[in-house]
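Annotated in Swiss-Prot:
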| type | residues | note |
| --- | --- | --- |
| REGION | 1-36 | region 'Negatively regulates targeting to plasma membrane' |
| REGION | 1-90 | region 'Mediates interaction with DYNLT1' |
| REGION | 38-123 | region 'Disordered' |
| COMPBIAS | 49-73 | compositional bias 'Low complexity' |
| COMPBIAS | 95-108 | compositional bias 'Pro residues' |
| COMPBIAS | 112-123 | compositional bias 'Acidic residues' |
| REGION | 257-375 | region 'Mediates interaction with STXBP3' |
| DOMAIN | 266-399 | domain 'C2 2' |
| BINDING | Asp297, Asp357, Asp359, Asp365 | Ca(2+) 3 binding site |
| BINDING | Asp297, Asp303, Asp357, Asp359 | Ca(2+) 2 binding site |
| MOD_RES | Ser411 | phosphoserine |
Amino acid sequence: MTLRRRGEKATISIQEHMAIDVCPGPIRPIKQISDYFPRFPRGLPPTAAPRASAPPDAPARSPAATAGPRSPSDGARDDDEDVDQLFGAYGASPGPSPGPSPVRPPAKPPEDEPDADGYESDDCTALGTLDFSLLYDQENNALHCTISKAKGLKPMDHNGLADPYVKLHLLPGASKANKLRTKTLRNTLNPSWNETLTYYGITDEDMIRKTLRISVCDEDKFRHNEFIGETRVPLKKLKPNHTKTFSICLEKQLPVDKAEDKSLEERGRILISLKYSSQKQGLLVGIVRCAHLAAMDANGYSDPYVKTYLKPDVDKKSKHKTAVKKKTLNPEFNEEFCYEIKHGDLAKKTLEVTVWDYDIGKSNDFIGGVVLGINAKGERLKHWFDCLKNKDKRIERWHTLTNEIPGAVLSD
């Protein structure tokens, strides 16, 4: 081996080169110098096809001479850069080392991070978030929707603020009948409503097939109200009698399937109470409320009232009628009528309940009806028999209105 003097350039013969560990530290014999050079280009996995190794007369680069000239015979430029990375950039110190430095695998590309300009991130930033909770009261057939607050809403007015309110819509269903809304809060992008809206007449079947659409809108006195964002919750995600809390990013407006909406549209529902009173010797029929009634007027509402008949009615004296509730599709009546009749005769009777829309100067419009009695089926039959079997006990049930009543005169 030729020793280097001060100021002279080190020279190593090829024989010595093939028998020396070029890494700093004690000189150790090795099998072949190529063990310390990557056999694949930077960035490719080890299974990639190896590049052609450098010719045996290519001079090796020691850590002390990483900045020295490279041999023109070494055509694998990428391999040389990898060597610089492995032996130079990783800082091999000139001190003694217990052994040869291991070959570091090529750095893995960083994992994809969420795109700050992506759809979800953009909606959360531009449209805002909404906090609310839902509770299905199975015993009372009610869905309670508590709208808590919103944060970071999109500015809609010239002053950089908005006048937000929240609108609820049960899908599928008649538009006006299934919509509820909160109060409007003025000049804020972070409104706090803490308001509970309730849908009545919700059945287990509704919880399986319906979806709650929650929209945040900006109220405008001089123009149409503007849409800010929405979210949708399939009701089948809720457990009966358990409150579920949500904090959701608002999304852009989604289309409503009008065909499906129309095919599943109902005439409405009615909550009826039945009780046979031993004291009054009669049947007490309570008209509690209606929900999701069909709109019969041009303004998208109805002016509903309810009529009841106990048939057969030879003397035609069994007709009772509630008061008219103006401009509503979810009227609350809380009226009760008494039919004097022996308990044993009820098995031969049929209770007919019909809902009407009151119109001034023309015929009233039939909205829907329901018949309870021995010839009824399903829940209507069960409700009637439960009343007969449980004297002096008030039994309330929701019933779906139909647009046809067998044997009924559908005119008022």
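Any Cβ shown, glycine's included, is placed from N, Cα and C.
All chains included, 14 other C-beta atoms sit within 10 angstroms of the C-beta of Asp297 (Ca(2+) 3 binding site). All protein chains considered, the CB of Asp365 (Ca(2+) 3 binding site) has 19 other CB atoms within 10 Å.
Summary of the Ca(2+) 3 site environment: with the site residues Asp297, Asp357, Asp359, Asp365 set aside, the chain residues having Cβ atoms within 8 Å of the Cβ mean position are Met296, Ser302, Asp303, Trp356, Tyr358, Asn364.
Here the region 'Mediates interaction with DYNLT1' (1-90) has a mean pLDDT of 50 out of 100.
Taking Cβ-Cβ distances under 8 Å and a sequence gap of 6 or more within the same chain, the neighbours of Asp303 (Ca(2+) 2 binding site) are Asp297, Val324, Lys325, Lys326, Lys327, Thr328, Asp357, Tyr358, Asp359.
Within the set of binding-site residues (Asp357, Asp359), the lowest number of other Cβ atoms found within 10 Å of a Cβ is recorded at Asp359. DSSP gives Asp297 (Ca(2+) 3 binding site) a coil state; it is part of no helix or strand.
In the three-state DSSP classification, Asp357 (Ca(2+) 3 binding site) falls within a strand. DSSP labels the residues of the region 'Mediates interaction with STXBP3' (257-375) in these numbers: 12 helix, 55 strand, 52 coil.
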